[in-house]
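**Q** This is the structure, below, for whatever I ask next.
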Amino acid sequence: MKLISWNIDSLNAALTSDSARAKLSQEVLQTLVAENADIIAIQETKLSAKGPTKKHVEILEELFPGYENTWRSSQEPARKGYAGTMFLYKKELTPTISFPEIGAPSTMDLEGRIITLEFDAFFVTQVYTPNAGDGLKRLEERQVWDAKYAEYLAELDKEKPVLATGDYNVAHNEIDLANPASNRRSPGFTDEERAGFTNLLATGFTDTFRHVHGDVPERYTWWAQRSKTSKINNTGWRIDYWLTSNRIADKVTKSDMIDSGARQDHTPIVLEIDL
């Protein structure tokens, strides 16, 4: 089975805009088409509460014929056109779909951050983890989120093995970002967020990239758009993950990044597993 995850940073822009950045996103989408994955998880869709428009659906069906889609968008009183997730999956797959709420603080449960697909023998779940925010203003809420999310995955894992993916908004260890020393109190590399991810893994999950590749350095999934040279210089962060229940980690045959060319921000990640 092949699965892909990508924080797209606006599905609407990627599908309908003709800006230079959107064209780069469209090139990445063509790369994903060629990958012919069974399941594609997409984060930060930024769609309205009504979800994809008719035009969005038409373009998706043109790009990905033979795929169903399911989505969850941010709902009031949460911010409009914010966060949001989507799955594309091949039509021969017939998952049971759920949109879990985990008892998160503030409006986090209404921001469209988690979708779970249940199959006979396993779960596939994606997450767009809340950012701790400028000035770490959301860090306390983020810590609650991390604990609640870990509990949620552990509950799934009691039923059957889990494949979990998404933008976790944390570089777990120093090897997972280019400049750890200068980012100690940056969102995504605070001690608190790193401890939250350690706790998540400790509930019974494996970071599949490290499982496959060991301590290979300078491999990242995100490069800041604010710096024009972040990708050229590879000053990146690894904040997107494919996790599996420990008991199926040895079934993973590939866990890697997909090249997204000159496009900064997130790059897609791929998992291949014998299930």
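Residue numbering: from 1, along the chain as shown.
Each Cβ is built from the backbone N, Cα and C atoms, and glycine gets one as well.
Per Swiss-Prot, the feature Mg(2+) 1 binding site maps to Asp9, Glu44, Asp265. Sequence annotations record features per position, and here Swiss-Prot assigns active site to Tyr128 based on similarity to another entry. Summarising the annotation, Swiss-Prot assigns Mg(2+) 2 binding site to Asp167, Asn169 and lists similarity to another entry as the type of evidence. Residues annotated as active site, proton donor/acceptor in Swiss-Prot: Asp167. The annotation site 'Transition state stabilizer' is assigned in Swiss-Prot to Asn169 on the grounds of similarity to another entry. Under the heading site 'Important for catalytic activity', Swiss-Prot lists Asp240, citing similarity to another entry as support.
I would like each feature placed in context: is it buried or exposed, what are its neighbours, and how far apart are things?
**A** Following the DSSP three-state reduction, the secondary structure of Asp9 (Mg(2+) 1 binding site) is coil.
Listed in sequence order, the residues of the same chain lying 6 or more apart from Tyr128 (active site) and placing their CB within less than 8 Å of its CB are Asn7, Gln43, Glu44, Ala83, Gly84, Thr85, Glu111, Gly112, Arg113, Ile114, Gly166, Asp167. Under the DSSP three-state reduction, Tyr128 (active site) is assigned to strand.
Within the same chain, residues at least six positions away from Asn169 (Mg(2+) 2 binding site) with a Cβ under 8 Å of its Cβ are Thr129, Pro130, Asn131, Ala132, Pro187, Gly188, Glu193, Ile239. DSSP gives Asn169 (Mg(2+) 2 binding site) a coil state; it is part of no helix or strand.
Asp167 (Mg(2+) 2 binding site) is surrounded by 27 other CB atoms, counting those within 10 A of its CB over all protein chains shown.
Within 10 Å of the Cβ of Asp240 (site 'Important for catalytic activity') there are 24 other Cβ atoms, across all protein chains.
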**Q** Can you list the residues of the same chain, besides Asp9, Glu44, Asp265, whose Cβ falls within 8 Å of the Mg(2+) 1 site's Cβ centroid?
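**A** Here the non-site neighbours turn out to be Asn7, Ile8, Ser10, Gln43, His266.
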**Q** Taking just the CA atoms, what is the gap between Asp265 (Mg(2+) 1 binding site) and Asp240 (site 'Important for catalytic activity') in Å?
**A** 11
**Q** List the Cα distance (Å, whole number) between Asp240 (site 'Important for catalytic activity') and Asp9 (Mg(2+) 1 binding site).
**A** 13
